[in-house]
Amino acid sequence: GTPQKYDPTFKGPIYDRGCTDIICCVLLVVAILGYVVVGVVGKNLSFFTLTSSSARARWCCWNSSAPPRRYGPAPPAFPKFPVESGPAAPPCPPPVQICVSKCPDRYMTYLTASGSAAALEYYRNFCTPEFKNSRKAPLEVLKDRECPAMLIPSTPLARRCFPAIQAKKGVIMVGNETTYDDGRGRRRNVTELLEGAKKANVVLETRQLAMKIFEDYTVSWYWIIIGLVIAMVASLIFIVLLRFLAGIMVWVMIVMVILVLGYGIFHCYMEYAKLKGEAGSDVSLTDLGFQTDLRVYLHLRQTWLAFLIILCVLELVIVLLLIFLRKRILIAIALIKEASRAVGHVMSSLLFPLCTFFLLCLCIAYWASTAVFLSTSNEAVYKVFNESACPFSGQTCQPETFNTSNVTKLCPDAQCLFAFYGGETAYHKYLVVLQFFNVFMFFWLANFVIALGQVTLAGAFASYYWAFKKPDDMPAFPLFSAFGRALRYHTGSLAFGSLVLAVVQVIRVTLEYLDHRLKAAENKFAKFLLSCLKCCFWCLEKFIKFLNRNAYIMIAIYGTNFCTSARNAFFLLMRNIIRVAVLDKVTDFLFFLGKLLIVGSVGILAFFFFTQRIKLVQDTAPPLNYYWVPILTVIVGSYLIAHGFFSVYGMCVDTLFLCFLEDLERNDGSAEKPYFMSQNLRKLLKKTNKGQPEA
């Protein structure tokens with residue numbers, strides 16, 4: 001707490017502290033270790049890991065003869081390798097998909113190819129590696145799925161063979177033919193292949209679009225960086241100018257609102273007076289009823305009278321608030337100016353969001369990779385399929401030993417085919433639980449990273465406020481000192497706050513999932529109840545974020561545990577609720593104005609530059625396929641940069657505000673309890689430090 005007797009060497013209340021919420025710290029460490037174990041186990045059992053060695057290089061699942069929609073995923077890399085079996089084999093069944101050196105270039109069926117040695121030799125390129133007995137009856141070969149029933153002229157696309165469809169004079173053709181033999185003695189029209197390959201055009205067009213966008217980035221990346229640098233400089237200049245222009249901007253905004261409402265009152269009165277005596281203008285709103293054409297209401301005097309009364313009430317309320325809250329508005333402006341000075345003394349804080357962003361990217365990357373590993377760690381399950389009655393039908397089988405098992409003896413027509421992805425081990429049974437744990441840990445760690453950033457910034461700015469002689473009494477590196485204190489003493493408190501928020505967020509995700517599953521349901525009560533729960537937990541999440549933010553500030557100031565800090569911050573704010581509301585609205589307006597000014601100006605500059613409308617640099621602008629690519633990139637990047645700068649500034653304002661409230665309640669300006677606020681705030685509140693030099 002604050003000292004009982006003033007000491008010139010006192011550095012403020014932020015240094016006297018100990019470890020808090022140790023149990024939550026231990027729980028977080030254990031959870032992170034478990035999360036690492038889950039990720040490692042998922043990676044080791046993932047299909048991508050199992051195929052990452054030589055088997056991955058040999059995995060190729062090109063379909064050689066049929067539309068690709070009927071078959072599994074495309075291969076990752078190499079075009080010609082044999083299909084393997086065993087634990088490292090791909091999940092696609094080898095009898096259906098094979099690897100080829102090149103796509104077929106002619107129409108051919110196996111029945112016709114089996115009558116010619118040369119044709120059969122060509123056809124063998126599209127059969128499975130197990131096909132060796134060329135004397136086998138064609139029906140047996142097709143039944144065992146060792147070779148495709150037919151070949152179609154195809155072209156490679158995305159590591160697959162697609163029918164080579166082309167249009168000549170409005171006629172759809174494949175391989176210069178309009179019909180093909182389906183292998184059963186019938187001629188079919190090639191238009192029947194369009195359904196199977198229509199998505200190929202989408203893939204091709206998407207690929208071409210991506211290539212053009214990539215080309216635009218390659219020729220404009222340095223101009224994009226220049227635009228983002230301009231946005232960064234503009235954000236910094238705006239924050240510095242708030243020290244001098246905050247009061248002017250706030251009062252101009254208030255005057256503009258009053259003038260706009262005044263003009264609205266004048267306009268409504270003129271319209272009301274103009275309609276006097278006109279036919280039908282005296283009809284009441286109740287007699288007219290509801291009308292789909294809203295313009296009808298504008299011809300009624302009662303409508304403009306209602307508008308006039310509403311605007312007069314708003315004008316009166318704003319004027320009264322301005323009269324009674326004038327001093328609180330001045331305090332809010334003074335705190336904003338003081339925040340600008342604090343940021344100027346802790347300039348490194350403006351770059352700290354990059355650290356938070358980097359840690360969040362790590363959390364997202366680990367969560368995404370773990371989710372993929374867990375999703376692909378299912379094993380390929382093969383089942384017995386047969387056309388006639390068989391006691392083994394539906395049972396699990398192994399393709400490697402199926403031909404030598406008793407099943408083929410008792411059921412000659414049975415086949416061991418791929419059924420689904422899954423598994424029967426304990427690991428596979430609890431995959432859903434592991435995915436849920438993955439989502440929960442992502443929210444917990446992401447919230448912890450954000451909390452660490454907030455408490456670090458709060459500690460740095462609190463060291464500015466609680467320095468009696470600013471900035472002489474500040475530590476040499478306030479940001480790094482605050483970061484070290486947060487990790488050394490308050491990891492448990494940050495874990496506690498982020499855990500509470502993560503639980504609420506996981507519940508919200510679960511409710512969204514249930515809402516998605518119940519969209520087709522007809523139970524209106526269930527939908528209503530679910531909507532109410534979603535609304536309640538949304539409000540709860542907003543409240544917890546607000547409470548956590550202020551609790552972290554109190555932790556940074558006094559070093560108390562999370563519950564104590566949250567309680568003290570909440571009641572402190574409730575005792576000053578009007579000041580909180582005024583400061584919140586004033587800062588929201590300034591941040592909105594700053595973001596609009598920075599993003600709008602940089603976006604307009606980027607538009608005129610990349611569309612070559614600035615004559616001075618018209619020849620400098622790079623040629624582009626889509627000029628909106630760099631423009632949107634600059635706009636989004638400028639918003640993120642401005643948001644990062646203003647998030648630091650907002651944390652500074654909130655921290656100084658809580659410090660200011662604590663200073664007012666705990667100190668009285670005496671020699672034993674001097675005020676730590678700046679001289680401008682003391683003058684505004686008519687407070688003085690008796691017997692102490694002015695800061």
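Keep in mind that glycine also has a Cβ here, set from the backbone N, Cα and C atoms.
Noted in TrEMBL for the protein shown:
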type     : residues : note
TRANSMEM : 21-42    : transmembrane segment
TRANSMEM : 221-241  : transmembrane segment
TRANSMEM : 248-266  : transmembrane segment
TRANSMEM : 304-325  : transmembrane segment
TRANSMEM : 346-368  : transmembrane segment
TRANSMEM : 441-466  : transmembrane segment
TRANSMEM : 487-507  : transmembrane segment
TRANSMEM : 551-574  : transmembrane segment
TRANSMEM : 586-610  : transmembrane segment
TRANSMEM : 626-646  : transmembrane segment
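For the transmembrane segment (304-325), the list of distant contacts is 254, 257-258, 261-262, 264-265, 268-269, 271-272, 275, 285, 298, 578, 582: same-chain residues at least six beyond its ends, Cβ to Cβ under 8 Å. Same-chain neighbours of the transmembrane segment (551-574): 1, 13-14, 16-18, 20-21, 24, 451, 454-456, 458-459, 462, 466, 482, 485-486, 489-490, 492-494, 496-497, 580, 654-655, 658-659, 661-662, 665, counting only residues six or more beyond its ends whose CB sits under 8 Å from a CB of the stretch. At the 8 Å Cβ threshold, with sequence separation of at least 6, the transmembrane segment (21-42) lacks contact with the transmembrane segment (586-610), having fewer than 3 such pairs. As a quick check, the transmembrane segment (221-241) and the transmembrane segment (626-646) clear the bar of 3 or more Cβ pairs under 8 A, pairs 6 or more apart, so the two touch. With pairs at least 6 apart in sequence, the transmembrane segment (248-266) and the transmembrane segment (586-610) have 3 or more Cβ pairs within the 8 Å limit; the two touch. Long-range neighbours of the transmembrane segment (626-646) within the same chain, counting only residues 6 or more positions beyond its ends whose Cβ lies under 8 Å from a Cβ of the stretch, are 212-213, 216-217, 220, 223-224, 227-228, 231-232, 234-236, 239, 350, 353-354, 357, 591, 594-595, 598-599, 602-603, 606-607, 610-611.
Residues 35, 39, 236, 239, 438-439, 441-442, 445-446, 449-450, 452-453, 456-457, 460-461, 464, 477-479, 644-645, 647-648, 652 of the same chain sit 6 or more residues outside the transmembrane segment (346-368) yet have a Cβ under 8 Å from a Cβ within it.
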